[in-house]
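Everything on this sheet refers to the single structure shown next.
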Amino acid sequence: MSLRVHTLPTLLGAVVRPGCRELLCLLMITVTVGPGASGVCPTACICATDIVSCTNKNLSKVPGNLFRLIKRLDLSYNRIGLLDSEWIPVSFAKLNTLILRHNNITSISTGSFSTTPNLKCLDLSSNKLKTVKNAVFQELKVLEVLLLYNNHISYLDPSAFGGLSQLQKLYLSGNFLTQFPMDLYVGRFKLAELMFLDVSYNRIPSMPMHHINLVPGKQLRGIYLHGNPFVCDCSLYSLLVFWYRRHFSSVMDFKNDYTCRLWSDSRHSRQVLLLQDSFMNCSDSIINGSFRALGFIHEAQVGERLMVHCDSKTGNANTDFIWVGPDNRLLEPDKEMENFYVFHNGSLVIESPRFEDAGVYSCIAMNKQRLLNETVDVTINVSNFTVSRSHAHEAFNTAFTTLAACVASIVLVLLYLYLTPCPCKCKTKRQKNMLHQSNAHSSILSPGPASDASADERKAGAGKRVVFLEPLKDTAAGQNGKVRLFPSEAVIAEGILKSTRGKSDSDSVNSVFSDTPFVAST
């Protein structure tokens with residue numbers, strides 16, 4: 001495929017013109033280095049522009065001659081066993097999706113993904129991973145989706161997902177985890193953008209009830225726990241009931257998959273549904289748990305009174321309410337506070353909202369009888385309705401003015417096109433004037449007065465015009481007494497004849513401009 005350099009001048013000199021040598025030289029150099037730069041499609045793969053699929057080809061490593069600018073690489077159903085710093089021989093700067101499911105991957109080393117820094121989706125599902133060690137994904141700064149389901153993972157290092165600041169979805173279903181990965185939400189390596197965590201069908205017997213309240217409400221909504229062998233407990237029951245009442249899809253969609261083991265004695269147990277009425281009489285028992293939820297977003301106007309209700313599911317009986325403002329100020333019932341008031345039923349009133357009052361307010365509902373409390377985060381936005389209304393009014397006026405101008409223009413155009421600009425009387429006078437002018441032309445161009453001709457003659461010769469011009473004798477020698485017209489008069493006569501004659505006037509035109517003597521009769 002490549003060409004030797006010393007043969008290039010000979011080819012260029014023999015075939016190509018001097019003006020095209022540089023262009024052909026550039027093209028031939030491109031052909032020479034092309035395969036090394038762009039890569040080819042390996043025989044074990046299927047390539048489609050920026051997508052390469054090498055599935056079920058018994059591969060143990062990534063082919064080295066792949067196109068480096070691919071965006072999606074599928075290596076599933078192969079026998080790749082170890083991910084180290086050299087398992088990908090080249091750098092894929094634009095690769096955003098890497099699929100490695102159904103391989104024999106047993107471990108991942110630090111630096112395994114240094115050649116794929118821009119991955120957004122990594123699929124390592126259905127492999128043989130047992131542990132995820134510290135910071136093995138730290139190079140993947142923009143990773144958004146990580147799939148690790150259907151492995152043998154029994155331990156997650158607290159720093160295993162350190163550096164994944166953009167991670168939004170993490171799938172850990174179908175593994176051997178025995179503890180809920182609380183480090184994903186609290187601590188040094190927490191993932192602030194994680195909105196979906198699937199730890200279903202693991203081996204988790206209980207939940208850390210005293211720490212689950214630290215998880216923000218927006219992240220709680222995306223935790224899936226179904227299919228785990230929970231031990232029946234009123235705290236867990238209350239947590240799931242709270243999520244169910246708040247219509248969390250993680251509980252609503254998998255209601256019948258939440259079960260627990262109820263021990264009748266030390267040897268025998270049975271599986272029962274967690275989300276059922278009168279479960280273990282938990283509605284009246286002491287729970288000693290804390291829960292957190294994300295409340296509504298309220299819009300307030302500057303200076304207009306706003307009331308916000310505490311959307312707690314603990315019930316109002318034996319429940320006390322307090323609010324915590326954005327500045328961590330405590331707002332309690334029966335206490336005079338500037339611009340704020342809290343009722344005993346948990347409602348918060350802001351008498352005259354200001355811009356600085358906007359933020360997240362936390363309502364804490366505490367049930368003393370059951371030692372149960374819930375925190376509901378409510379967002380309050382404050383805006384100036386007068387300013388926004390004036391801007392909207394100005395926009396409406398501008399739009400209305402533009403529309404009115406367009407309609408007026410269309411009406412004027414229609415009037416100009418379809419309405420007669422001159423009245424009928426004016427039109428009659430104009431037709432009479434045109435008739436007089438036509439008679440005048442006829443009198444000039446006809447051999448005699450128009451009144452002398454009979455009606456039949458006028459009718460027969462209505463479409464013809466004859467021009468009688470005074471012939472001038474040319475005194476120059478050689479003309480034999482012939483007469484001719486001046487060039488300027490010939491042009492004038494020709495213009496008159498062309499504008500007034502029909503197809504039948506060709507004979508009279510020829511007679512006028514012939515070389516035969518023209519004799520005017522008296």
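Quick reminder: no glycine exception, Cβ is built from N, Cα and C everywhere.
Summarising the annotation, Swiss-Prot assigns disulfide bond to Cys41-Cys47, Cys45-Cys54, Cys232-Cys260, Cys234-Cys282, Cys310-Cys363 and lists sequence analysis as the type of evidence. Positions annotated as domain 'LRRCT' by Swiss-Prot: 228-284. Here Swiss-Prot flags 501-522 as region 'Disordered'. Feature annotation from Swiss-Prot assigns repeat 'LRR 5' to 166-187. For 193-214, the entry in Swiss-Prot reads repeat 'LRR 6'. The annotation signal peptide is assigned in Swiss-Prot to 1-39 on the grounds of sequence analysis. For 420-522, the entry in Swiss-Prot reads topological domain 'Cytoplasmic', with the evidence type sequence analysis. Taken from Swiss-Prot, the feature transmembrane segment applies to 399-419.
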Round to the nearest Å and give the CA-to-CA distance linking Cys41 (disulfide bond) with Cys54 (disulfide bond).
10
In the same chain, which residue numbers or ranges, 6 or more beyond the ends of the repeat 'LRR 5' (166-187), come under 8 angstroms Cβ to Cβ?
125, 141-154, 156, 158, 193-205, 207-208, 211, 214-216, 219, 224, 227
For the repeat 'LRR 6' (193-214), how many residues does DSSP put in helix, in strand and in coil?
3 helix, 3 strand, 16 coil
Taking the disulfide-bonded residues one at a time (Cys41, Cys54, Cys232, Cys310), which has its Cβ surrounded by the most other Cβ atoms within 10 Å?
Cys310
Nearest of the disulfide-bonded residues (Cys45, Cys47, Cys54, Cys260, Cys310) to Cys282 (disulfide bond), judged by Cα-Cα distance:
Cys260
Closest of Cys45, Cys47, Cys54, Cys234, Cys260 to Cys310 (disulfide bond), Cα positions, disulfide-bonded residues only:
Cys234
Compare the Cα of Cys363 (disulfide bond) against each of the disulfide-bonded residues Cys45, Cys47, Cys232, Cys260 and report the nearest.
Cys232
Taking Cys54 (disulfide bond) as the reference, which of Cys232, Cys234, Cys260 (the disulfide-bonded residues) have a CA within 10 A of its CA?
none
Between Cys232 (disulfide bond) and Cys45 (disulfide bond), the C-alpha gap once rounded to whole angstrom:
51
Given the disulfide-bonded residues Cys45, Cys47, Cys234, which one's Cβ is surrounded by the fewest other Cβ atoms within 10 Å?
Cys47
Expressed to the nearest Å, what is the distance separating Cys45 (disulfide bond) and Cys260 (disulfide bond) at their Cα atoms?
47
Treating G and I as helix alongside H, and B as strand alongside E, what does DSSP give for the domain 'LRRCT' (228-284) in helix, strand and coil?
25 helix, 12 strand, 20 coil
Across the whole of the topological domain 'Cytoplasmic' (420-522), what does the mean pLDDT come to? Round it, please.
51
Measure from the Cβ of Cys260 (disulfide bond) and count the other Cβ atoms within 10 Å, all protein chains considered.
23
Cα-Cα, whole number of Å: Cys234 (disulfide bond) versus Cys47 (disulfide bond)?
56
Fewest other C-beta atoms within 10 angstroms of its own C-beta: which of the disulfide-bonded residues Cys282, Cys363 fits that?
Cys282
